[in-house]
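A.B. asks: Positions annotated as transmembrane segment by TrEMBL: 20-37, 88-109.
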Amino acid sequence: PFTYSLQAQFLLYHPQPLGWPLASFICLINAVGYYIFRGANSQKNTFRKNPSDPRVADLETISTATGRRLLVSGWWGMVRHPNYLGDLIMALAWSLPCGVFHLLPYFYFLYFTALLVHREDRDERQCLQK
């Protein structure tokens, strides 16, 4: 849990001047990540709750051996795990205010990348079995 606050702790001891243009750019990156993350998760949750919902009814799916359907269009047709992509973009945006000369503020981003790559591999194997 302490990794979530590493960037704030780093900035406490190593303040970084950003300026409005860079701060705005970092906020934009975070907003893009949030949009991708929420959009993908919303689409997935809507589909799971009610596949007939008009917001997801036209999405393409493939049937699995277990009788479930996997989304292969919408957010899930552009990227294999769009929610992971959005999460990683936000994690990067949270580290960027710390500058690029120290590795410590990027620990969370790097750790999270490794965790999500491993999770994606497990998910991929489960999907292949389905």
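Using the three backbone atoms N, Cα and C, a Cβ is placed for every residue, glycine included.
Could you give the neighbours, burial and distances for every feature on this list?
C.D. replies: Remote same-chain partners of the transmembrane segment (20-37), defined as residues 6 or more beyond its termini with a Cβ less than 8 Å from a stretch Cβ, comprise 75, 82-83, 85-94, 96-97.
Panel annotation: around the transmembrane segment (88-109), residues 3-4, 6-7, 10-11, 14, 16, 18, 23, 26-27, 29-30, 32-34, 36-37, 116 of the same chain, lying at least six beyond its termini, place a Cβ under 8 Å from a Cβ of the stretch.
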